[in-house]
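**Q** The structure under discussion is supplied below as structure tokens; questions concerning it will follow.
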Amino acid sequence: MKPIIYIKYGELTLKGKNRAQFIKVLVHNIKQMLLEYHELVYQVGYDNLKIINLEKYNLQQVINDLQQVYGIAFICVAYQVNKEINEIQLACNKLVNNTDQTFKIEARRNDKSFIYDSMQIKQICATYLLQNQPTLKVDVHHPQLLINIEIKHDCAIVYGHKIPGAKGLPVGINGKALVLLSGGIDSPVASRLIMKRGISVDFITFITPPHTSQKALDKTIALAKQITLNNHLTKANLYVCNFTKLQEEIAHISKESYRITLMRRYFMRIAKRLAIDIKAGALVTGEALGQVASQTLNSMQTISSVLNDFLVLRPLITYDKQEIISLAKQFNTYELSILPYDDSCSLFAPKNPTTNPNVQTAMKLEQESLVLDAIYELVFTKEITKINLSSK
């Protein structure tokens, strides 16, 4: 009797007519995550996925990889047996690693034609365990081991501990967004949270050589790879925009306090145009309300006004910094994010950036330059490089 992996789907089971598409996307994502395990066999069910042929692989490593995939409610090590009560009993016995513990059995029949009802299945299997392992004890309220028996139409599944999945929705089921990715803590976390809601991502980052170094770009590439788990979670590209020419022109505006505001307005303009080109339906930022000068209500309104009606998603808008750091550590992006390489925002930030900008002043300052729009057009058409994260 060999173990299998038994996966229960997450939120996608609530989606009615779209169920088949949700399952298709989830199974595809699982296969992408487990691409290196060449001999695995997948059996797709209405509310579950079974993975068999695991003998050659490290079972715990497969489970660890599966825990990263959005759309999974829980994962179990299980036994798939014939619908014979003696085989079900043996499978229950396989799950008992410690004979000095309490247990409870739950049973469910999808196949109502099975000879025993749920209560009888529980009684027969519990009696078998107690006879074969006398030190076991039944505890129906707080058992140390909960054994689950599911009688399917074609087999019986027996499993114990439920390992939590990442939950959420399968990445890609809700379209694509373009993430404005910096080398900081926030935007990588925002990326993962938006992926959890079923959105695939591409990234855009802004560099200002020679003011920013190659190491700073390498850090951002490493972050993008970690966010996507080397493109196993989603097939993403990183677009690198050389912003130096625009940055140097913005540095000459008459109101230094507006420098970051104008810079971010051009970030948004460039990101929107790129998003439309790559068929992304929204932009994603790591903004958290009130965290820095450019993230007040007035600042965000002034900056995003250049987008007209184009959608901006801000998954971190209500989070405080410690919550974001905690998630960054969970996603293994934190240590990369705190590497000491400056990005374009930090290098060009004024001493006292405005926290209360307005659209009219921002537009007036942009109009001070006779060449700003021409430089913007040049940067968008000539200064964006695409990096395929699967190959670099």
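Our numbering is plain: 1 for the first residue shown, then up by one each step along the chain.
Cβ atoms are placed via backbone N, Cα and C, with glycine included.
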**Q** Leu180, Leu181, Thr205, Phe206, Gly286, Gln295 bind ATP in Swiss-Prot, but which of Arg259, Arg264, Arg265 does that record place at the same site?
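**A** Candidate listed by Swiss-Prot for the same site: Arg264.
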**Q** Find the longest CA to CA distance in the recorded ATP-binding set Leu180, Leu181, Thr205, Phe206, Arg264, Gly286, Gln295; express it in Å as a whole number.
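**A** Across Leu180, Leu181, Thr205, Phe206, Arg264, Gly286, Gln295, the widest Cα separation comes out at 18 Å.
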**Q** Please compare the binding-site residues Leu180, Leu181 by how many other CB atoms fall within 10 Å of each one's CB, and tell me which has the fewest.
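**A** Per-residue Cβ counts within 10 Å for the binding-site residues Leu180, Leu181 bottom out at Leu180.
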**Q** Among the binding-site residues listed here, Thr205, Gln295, whose Cβ has the fewest other Cβ atoms inside 10 Å?
**A** Gln295
